[in-house]
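Participant: Annotations per Swiss-Prot:
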| type | residues | note |
| --- | --- | --- |
| TOPO_DOM | 1-14 | topological domain 'Cytoplasmic' |
| TRANSMEM | 15-35 | transmembrane segment |
| TOPO_DOM | 36-49 | topological domain 'Periplasmic' |
| TRANSMEM | 50-70 | transmembrane segment |
| TOPO_DOM | 71-80 | topological domain 'Cytoplasmic' |
| TRANSMEM | 81-101 | transmembrane segment |
| TRANSMEM | 103-123 | transmembrane segment |
| TOPO_DOM | 124-135 | topological domain 'Cytoplasmic' |
| TRANSMEM | 136-156 | transmembrane segment |
| TOPO_DOM | 157-168 | topological domain 'Periplasmic' |
| TRANSMEM | 169-189 | transmembrane segment |
| TOPO_DOM | 190-208 | topological domain 'Cytoplasmic' |
| TRANSMEM | 209-229 | transmembrane segment |
| TOPO_DOM | 230-245 | topological domain 'Periplasmic' |
| TRANSMEM | 246-266 | transmembrane segment |
| TOPO_DOM | 267-274 | topological domain 'Cytoplasmic' |
| TRANSMEM | 275-295 | transmembrane segment |
| TOPO_DOM | 296-300 | topological domain 'Periplasmic' |
| TRANSMEM | 301-321 | transmembrane segment |
| TOPO_DOM | 322-332 | topological domain 'Cytoplasmic' |
| TRANSMEM | 333-353 | transmembrane segment |
| TOPO_DOM | 354-363 | topological domain 'Periplasmic' |
| TRANSMEM | 364-384 | transmembrane segment |
| TOPO_DOM | 385-396 | topological domain 'Cytoplasmic' |
């Protein structure tokens, strides 16, 4: 059976390769969380000082997502992917060679530029490349690649960094990207730009109060999560007094729990998305409040991490599904905005965690993160009452 001139097998291979690319891009965004202590030691810096790199990366993505999407809106997509992968790979080689912290930050900015473009076009590309009638499954595959970055990418990156040095982790990600690029070159046809949206789309999106409310919810809840998550590795070692190996195990547990969250959302998300997101935010509040008390034992931290991982995965999937449902006419613009806003939250959370660790105490990151998490919970309840019909049930 063929689909337009290509077989279903080839169509799925294209989507899977794009999902692998999503895995690689998200792995490199998250992996510094597991390498902060090693990077700090190699440059003779404090962990909290190195942590500012997370904020810089996230805010570069936030600021550049929409401008880059608009600048490249007419560019043929296959060529655009090749160009951004070349930048991505070259920047990872520079990370590997970085002779001081400034050079490392510059290399991360280059990666962030590629990241900004990649995530503004990925959802629409997956839909275009999918076999007929399989668009939802294609988007699910991209989400799976994203989830696996936390489940496998971050812990594996940390293990590689522990045994071979953090530079090797970045080099390995670059080589993985090179292999993926070669696959994309072989598999992808020419992909003229379609329905990418333009500046004219922005006023239309800004006049959708449900969408704007979701963006606000996204930035607040992501800030809450990353206030604590950005510094979980040094927290485990310096505050809880546990081993570096356990920090790796904890990251694996937290990421692995995301699979459970993904399954829960896949089962119940179509009918109960709003309720699931609200419950997940409430669960996040509890996890952040219990982070310091749980630091008294490995078992308590491990159990807490399971619920934390489930909560953040349900929140992330819920937000993305709702945004896509509310902006089917300007997917690229809406997702570029979502990516930018999500990264504002990552950067803000990492910055708050940085300031708390430097000027107060790293032991307080859970309590401080719980403050915006509580605000997010109140906001979620308000907006889901105002727009009670789940977005998935709206007519398309």
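Even glycines carry a Cβ here, placed using N, Cα and C.
Quick one: how deep are these features, and who are their neighbours?
Facilitator: Same-chain residues lying 6+ beyond the ends of the topological domain 'Periplasmic' (36-49) with a Cβ under 8 Å from its Cβ atoms: 100-101, 104, 161-162, 165-166, 231, 233-234, 237-238, 244, 354, 357-358, 362.
Listed by sequence, the residues of this chain that lie at least six past the ends of the transmembrane segment (103-123) yet keep a Cβ under 8 A from its Cβ atoms are 18, 21-22, 25, 28-29, 32, 39, 43, 53, 56-58, 60-61, 64-66, 68-69, 72, 77, 80-81, 84-85, 87-88, 90-92, 94-95, 97, 139, 142, 196, 324, 331-332, 335-336, 339-340.
With a threshold of 8 Å between CB atoms, the same-chain residues lying at least 6 positions outside the transmembrane segment (136-156) that come near it are 15-16, 18-27, 29-31, 33-34, 122-123, 126-127, 129-130, 248, 251-252, 254-256, 258-259, 262, 266, 309, 313, 316-317, 320, 324.
Each residue of the topological domain 'Periplasmic' (157-168) gets a DSSP state, and the totals for helix, strand and coil are 11 helix, 0 strand, 1 coil.
Here the transmembrane segment (169-189) has Cβ contacts under 8 Å with residues 6, 10, 13-14, 17-18, 20-21, 24, 27-28, 31, 35, 78, 81-82, 85-86, 88-89, 92-93, 95-96, 129, 157-158, 160-161 of the same chain, all six or more residues outside its ends.
Taking the topological domain 'Cytoplasmic' (190-208) as a whole, pLDDT averages 74 in the prediction.
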Participant: Based on Cβ pairs under 8 Å, which of the stretches 50-70, 81-101, 275-295 lies most in contact with the transmembrane segment (333-353)?
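Facilitator: Counting Cβ pairs under 8 Å, the winner is 50-70.
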Participant: Counting only residues 6+ away from its ends, which parts of the chain sit with a Cβ under 8 Å from the topological domain 'Periplasmic' (157-168)?
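Facilitator: Tertiary neighbours of the topological domain 'Periplasmic' (157-168) are 27, 31, 34-35, 38-39, 42, 95-98, 233, 244-245, 247-248, 251.
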Participant: Counting only pairs at least 6 apart in sequence, do the transmembrane segment (275-295) and the transmembrane segment (15-35) share 3+ Cβ pairs under 8 Å?
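Facilitator: Contact between the transmembrane segment (15-35) and the transmembrane segment (275-295): absent, because fewer than 3 Cβ pairs are under 8 Å.
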Participant: Decide whether the stretches the transmembrane segment (301-321) and the transmembrane segment (364-384) have at least 3 CB pairs under 8 angstroms, with pairs required to be 6 or more apart in sequence.
Facilitator: no
